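Asks: Can you read through this structure? Questions will come right after.
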Ligand SMILES: Nc1nc2c(ncn2[C@@H]2O[C@H](COP(=O)(O)OP(=O)(O)OP(=O)(O)O)[C@@H](O)[C@H]2O)c(=O)[nH]1
Ligand SMILES: [Mg+2]
């Protein structure tokens, strides 16, 4: 082993604290974050677990380079998967420490508050200690612009309507809790999207005591934000899933939203082709095929983002999806026809057919087209 690979972090017994860091395209931030953690965690039995979704920028290689030299640095690389929340869940489950802390890998969280969060949990003063930018002494000055401020504020306002506890910063990604508390909630977590703290609070079967600790939020120096429209929709869908107590799963909400976009595509393309002088039936068929392609593409990039199909699997997935939707359409027409014949009103018959088709399409898409490997 070369000298530079010599272990630096000799530790008698395993770590008592695991810091879980979800990261995607954060290669430039890994080494500085490790250095900051070394400084604040000095004298403690700790480790950092990076969970990277096979970032193209070489984040995993950077983590490995650190881990080869430092026993307190570990990494998990997930292939064909995406998602902050699910990354955190896997990181926590891979730890055997008593206390776990979660923080971003982009240096925006104020590492100097880490010990306060960990100690609050270790001392048993609360179930979860949350780094808050909205209590006295906290600051969210690092949010990139006015739009991000507005987004964050409205997200907080919305989340607060549904939370079982009072919390000024439910959107925070900087918090600590006992590992066994996390593990007890884990089977009920949605695991989708960005807001793992919110997921924890809304999924826990027993009320959690929360303590907020002021913290700052620094501007991002390297790398780019991954917060996009998809993440915001996932946030709304998470609330729907949790508020309906799992009756309406997050993925189903997304599937229906995509379905609406498909209807728009269907009508748009059909009208365009029809205006070009094509016979109505042919125009309708072309519109339907276009809708299926649009739906498949949106579902692949949004609804089933964590199971996204690529290359040949994507082409095969499209064929399967079209077959599934065709059966759904036949069932739709069949049921509507049957109900109409049994003297149901036109709207009732039509709605029943449409609901059946949506549920069928969703069930088949989840189990056949985007099945978990
Ligand atoms: N493993 C994994 N990590 C992710 C994913 N998306 C984001 N992250 C990480 O989660 C952390 C927070 O993501 P950011 O994009 O910085 O989001 P944010 O801090 O809420 O938003 P900004 O204020 O715009 O930076 C960062 O460390 C990201 O690298 C993902 O799909 N998988
Ligand atoms: Mg960030």
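The backbone N, Cα and C atoms fix where each Cβ goes, and this holds for glycine too.
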Asks: Select from 231-250, 351-370 the stretch of residues annotated by TrEMBL as transmembrane segment.
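Replies: In TrEMBL, the transmembrane segment feature sits at 351-370.
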Asks: Quick one: do the transmembrane segment (351-370) and the transmembrane segment (252-274) reach 3+ CB pairs under 8 Å, ignoring pairs fewer than 6 apart in sequence?
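Replies: Stretch pair touches.
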Asks: Go through the chain and flag residues at least 6 beyond the ends of the transmembrane segment (280-298) whose CB is under 8 A from any CB in it; none is fine as an answer.
Replies: 258-259, 261-263, 265-271, 273-274, 317-318, 321-322, 325, 329
